[in-house]
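Reading through the structure tokens given below for one structure.
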Amino acid sequence: MLKLRKLKATLAVADAHSFAGAANLMNMSQPAITRAVQSLEDELEIRLFYRKSRYSGLTEAGDILTRRIRRAQRNLKLAESELQSLGAAPPGFRPSLAQHAADHEFAALLAIAARGSISAAARAVGPSQPALNKSLKMLENRTACLLFHRTSHGMRLTPAGEILLRRSKLALSEIRQAVEEIAFLKGQGRGRIRVGALPLTRVRMVPRAVETLVTHYPEAEIAIVDGTYEVLLHALNNGDIDILAGTIRKPALIDGLVSEELFQDDVAIVASATHPLATNPDCTLADCLNYDWILPFKGVPLRNKFEQTLASVGLPAPTRIIEADSIVAVRSLLLSGPRLAILSRHQVHFEVSWGALAILPVRLKDAMRPVGITTRGDFEPTPLAQVFLTALREASLRYAAPDAPGRLPQEPTGFSA
């Protein structure tokens, strides 16, 4: 990771339009400013400024870097204001993060939060326990906030620690993305994209988009993260993932996130191809209640609507239920016995095509869910991330095809995700 001291010197040169002016802004010598910028240029292997006698202007790479530095600093300043609003610091105290916090302080915060203790963090990242503890204390002094509770089970973030951890991750993510953008500018397709994939998009949409990306940019690093909606939404908000692909819930559970709907997904009742109802063209929702069900957990919108639908037509909720959120587990359970599940047609596309599973001929009215992409509202994708977002949009077009296996006309019973 690029050193914050060098980044601040670079931003000062950009603001002052000269190395001499930057020295005055930073209260450093001009040779020290020059060395910091040149060292950064050596690391990035590209010029950040074009120099004239009394003026220094940004190159394209310099413009990319300074834009990302400003975005990183904005997150640290937001951390300062959010910590003040929390009321954890003494009245009148102003945290000093954007201008004075050092790399090792943020590194200590991230390492301890990830490992749960100073000793585990020291073993994982290298600095000694006293060094990590000192860095943490410096950060706590800058914010006048306790960042961790020390318990018998390890160290747990305080509310102030959670605020600072989130903003630190977002700030450091901006610097990482600056490096990736500059590499892209130099014709290198390297870069890292972290995408959260909800069950519906894990089967076809996200894999197809990944295939498109790596075909054109084989050096790109893709991390596909799965989990529940709540877990992935928090990961997105905290900067642990860049993009979330899957079902959109309105309103979102967290403010500041934006969603782009790509298509409407329809839900169906799914069974093994050998299930007694699979070959019964006249089966009804009432017939389905004679069998065991595999359903989402309580509180999941799909489960809630299913139970509401049954109640609206005077039917009781199933009593023999297995709860599961893993599509792998659901498929296995469907294939091993006469059970039923509520799934997206797209989630079982291949199994229906192969003749292993079947869509029951129970017509479901309004069985639609919006599916798309969710990002942070202030997310500025790198060129590589833009390519991936375009690939996701193109992959989603296949979901609108009229020949999805088992598709039926959408008429009565009244059902929605």
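For all residues, glycine too, the Cβ spot is worked out from N, Cα and C.
The stretch that TrEMBL tags with coiled coil, taken from the ranges 62-89, 370-397, is 62-89. Within its own chain, the signal peptide (1-22) has Cβ neighbours under 8 Å at 28, 30, 32-34, 36-37, 39-40, 43, 48-49, 54-58, 62, 65-66, 69-70, 72-73, 99, 101-103, 172, 175-176, 178-179, counting only residues six or more beyond its boundaries. Tertiary neighbourhood of the coiled coil (62-89): same-chain residues 7-8, 10-11, 14, 44, 47-49, 95-98, 101, 143-146, 158-160, 163-164, 167-168, 170-172, 174-175, 177-178, 181-182, 185, 378, 380, selected by CB-CB distance under 8 Å and a gap of 6+ residues from either end.
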